[in-house]
Amino acid sequence: MSLLLEPTPTMIKEEKLYREMGLTDEEFAMIEKILGRLPNYTETGIFSVMWSEHCSYKNSKPVLKKFPTEGKHVLQGPGEGAGIVDIGDGLAVAFKIESHNHPSAIEPYQGAATGVGGIIRDVFSMGARPIALLNSLRFGELTSPRVKYLFEHVVAGIAGYGNCVGIPTVGGEVQFDAAYEGNPLVNAMCVGIIRHEDIQRGIASGVGNTVMYVGAKTGRDGIHGATFASEELTEQSEAKRPAVQVGDPFMEKLLLEACLEVVKSDALVGIQDMGAAGLTSSSAEMASKGGFGIEMNLDLVPQREAGMTPYEMMLSESQERMLLVVKQGREQEIYELFAKYGLEAKAIGKVTDDKMLRLYFRGEVVAEIPVDALAKDAPVYHKPSKEPAYYREFQAMEPYVPAVSNYEETLLSLLAQPTIASKEWVYQQYDYMVRTNTVVAPGSDAAVLRIRGTNKALAMTTDCNSRYIYLDPETGGKIAVAEAARNIVCSGAKPLAITDCLNFGNPEKPEIFWQLEKAVDGMSEVCRVLGTPVISGNVSLYNETNGEAIYPTPVIGMVGLVEDIRHITTQAFQQAGDLIYVIGEAKQEFGGSELQKLLEGRIFGKAPEIDLATEAKRQQELLTAIQAGVVASAHDIAEGGFAVALAECVMSTNGLGAKVTVDGDITSQLFSETQSRFIVSVKKENQEKFEKLVEAKLIGEVTNDGTLLVERASGEVVIQLSVEQMRSVWKGAIPCLLKSKA
């Protein structure tokens, strides 16, 4: 659309064209008041993306304020590209998780690939070198042809981008549930390492300093991507395919290396990724944070398509682009630095003192907006909240008691459930060993990477059981953070902090907003108890298809520090003769469990309870024992209960088995999903030391016969399965479903 054909300010108002951009009547009236006039088409577009939920968090900000965001090791909390935590030796870890759900529903390969690209840029824009990627994925049931297509292409997109850019994808989770049929979730997390003195922030300051554009040229891809991410998916969404960006990982690799060199230069004032809302958000946010203004000449913006209008250039979400502020008079050295990597850096504007975003095009001012109105002073809404009827119904139900007659068959059926089954089909497509720092590869409780030049390592995981959160958002929110911490502790690391991706439905529905509020309440409480502040994150709302919301899914990304690489622990049993202990008692808790879904085809009732004092005590005891060198293996008991966790401990070995004794209600002992529990193996010579440190129950020992044997105290056999048989079911489930014709 040329400038001549753009609607006039009067047309925009009278024909309510702003509504098509996602602005409400009230918001348009606010814009008129801020500007003291009607906005033109470019200005309306700029306000619409900056005031979208995706950029402004206007519906979620009041809720996000509940999170604890500070701690003695936190160097950077929410509000920048990524959060940063001190890990000693002058080093820090930077990490963040983000969603790319809507684009992945429409164009799964590019949607997932550019999600990975964007999160990498967030981390290196802080000056950190990305060392690892993780992801958290949700799809509908794997029996549907459409879900198979989305699953295969999302995984290929993540692999294609991460492998080319040379950053290992080391962990994550994949779950399947009908609630995600039309709206998959693709959350990508990146972890980086940085020296304290190299930390950069996205700030524009210093009147007269140069605003510089670096990276790929601007095209028409991704226009209104931020607005697209702030509305529900409908039958019409397919037509929005042009709103999905296209990624170039080789350009990203060059940009990464060049930016990591430029952050060491004192010529750099600030740097930010052009992410959601592209040039608009990066310029407005940097100016607002610095307390300055920015003016740019859009004729100077590198373009790869002819005849682009200011509206298109400002709203494009073309990938692999960064905005820099450089000291006046030092531009040449920055040009030369980027040229060394075959990249063009281009001066497109300067920092001003009037706190305005002023855009020129063909000699005329085409937009003039106060930067604070776009960034920190964007409107904030306190949405009404209402407890859903389904929640009251579930709370009133009698506890669900499953009827299980054949324990062996039930265990094999659970191992074949796609959510529990081996994800090897996924991670074998990822290069998880590139850069050779990966110590614990995908498949254990958490991934572990050593930190070169030190004796330390980092453990990292993504976790969230969305079924529990659907049944009871507050309890489920607590469990999500606690489970992430369990996975970190089982790896021999102390949990440091979290990043979160809050994936929910439409916040304008009071029942959905209630889910968001309650989940955040639960998460916040556990973060305080465990001392893991929230240092970064992302909100993805409007995850609905034709009015049906996904399960509320606040994904937790957590990083922990292994003080000494000798403490690194995995879930795999180590040698025959080691003693097997269980930490924690099983109760009859099956609401939202894998067993309930397997037997009933749906979930209902109450989520498992969690006692935070018990949780913290058990985690601390286990970590102390691991650090004392008396634990051979550790695994948390999660989806599928004790039997599934025990099977995973033996399936991770070469030829080992286990013989354990259980008593009481066998179904609960084997399959209940009671929280705060672990399976631990200990060498016989460490038995006394271990039992002094940890309150645990001795239940059996590791064998060398390749069999999982579960007996009652009377000697009656409950389960006797060869590890090979279990492994073939567990490993074959996902490939088998993908091959089958629905």
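Backbone N, Cα and C atoms are what each Cβ position is placed from, and that goes for glycine too.
If you look up Swiss-Prot, you'll see HIS54 marked as active site. When secondary structure is read from DSSP and collapsed to three states, HIS54 (active site) falls in the helix class.
Shown in sequence order, GLY111, ALA112, THR114, GLY115, GLY118, VAL186, ASN187, ALA188 are the residues of the chain, 6+ apart in sequence, with a C-beta less than 8 angstroms from the C-beta of HIS100 (active site, proton acceptor). Taken residue by residue with DSSP, HIS100 (active site, proton acceptor) is part of neither helix nor strand, so it is coil. Annotation source Swiss-Prot lists active site, proton acceptor at HIS100.
The ATP binding site annotation in Swiss-Prot covers TYR57, LYS96, ASP500, GLY537 and is backed by sequence analysis. TYR57 (ATP binding site) is surrounded by 20 other CB atoms, counting those within 10 A of its CB over all protein chains shown.
Marked as Mg(2+) 1 binding site by Swiss-Prot on the basis of sequence analysis: GLU98, ASN538. Counting only same-chain residues at least 6 apart in sequence, those with a Cβ under 8 Å from the Cβ of ASN538 (Mg(2+) 1 binding site) are LYS96, ILE97, GLU98, SER99, ASN187, ASP500, CYS501, LEU502.
The substrate binding site feature in Swiss-Prot is assigned to SER99, HIS100, ASN101, HIS102, ARG121, GLN245, GLU317, SER318, GLN319, SER540.
Taking Cβ-Cβ distances under 8 Å and a sequence gap of 6 or more within the same chain, the neighbours of ASP273 (Mg(2+) 2 binding site) are GLY81, GLY118, ARG121, ASP122, SER125, SER282, ARG321, MET322. The Mg(2+) 2 binding site feature in Swiss-Prot is assigned to ASP122, ASP273.
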Q. Roughly how wide, in whole Å, is the group SER99, HIS100, ASN101, HIS102, ARG121, GLN245, GLU317, SER318, GLN319, SER540 that binds substrate, by largest Cα to Cα distance?
A. 20
Q: With ATP as the bound species and TYR57, LYS96, ASP500, GLY537 as its recorded binding residues, calculate the greatest Cα-Cα distance and give it in Å as a whole number.
A: 16
Q: Specify the nearest of the recorded positions HIS54, ASN101, GLU317, GLN319 to GLY537 (ATP binding site), where nearness means the distance between Cα atoms.
A: HIS54
Q) According to DSSP, does GLY537 (ATP binding site) fall in a helix, a strand, or coil? A) strand
Q.
Between HIS54 (active site) and ASN101 (substrate binding site), how many Å separate their Cα atoms?
A. 12
(Q) Under DSSP, is ASP500 (ATP binding site) part of a helix or a strand, or is it coil? (A) strand
Q: Would you list the other residues of this chain near ATP - those whose C-beta lies within 8 angstroms of the C-beta centroid of TYR57, LYS96, ASP500, GLY537 - in sequence order?
A: LEU64, PRO78, ILE97, GLU98, THR499, CYS501, LEU502, VAL534, SER536, ASN538, VAL539
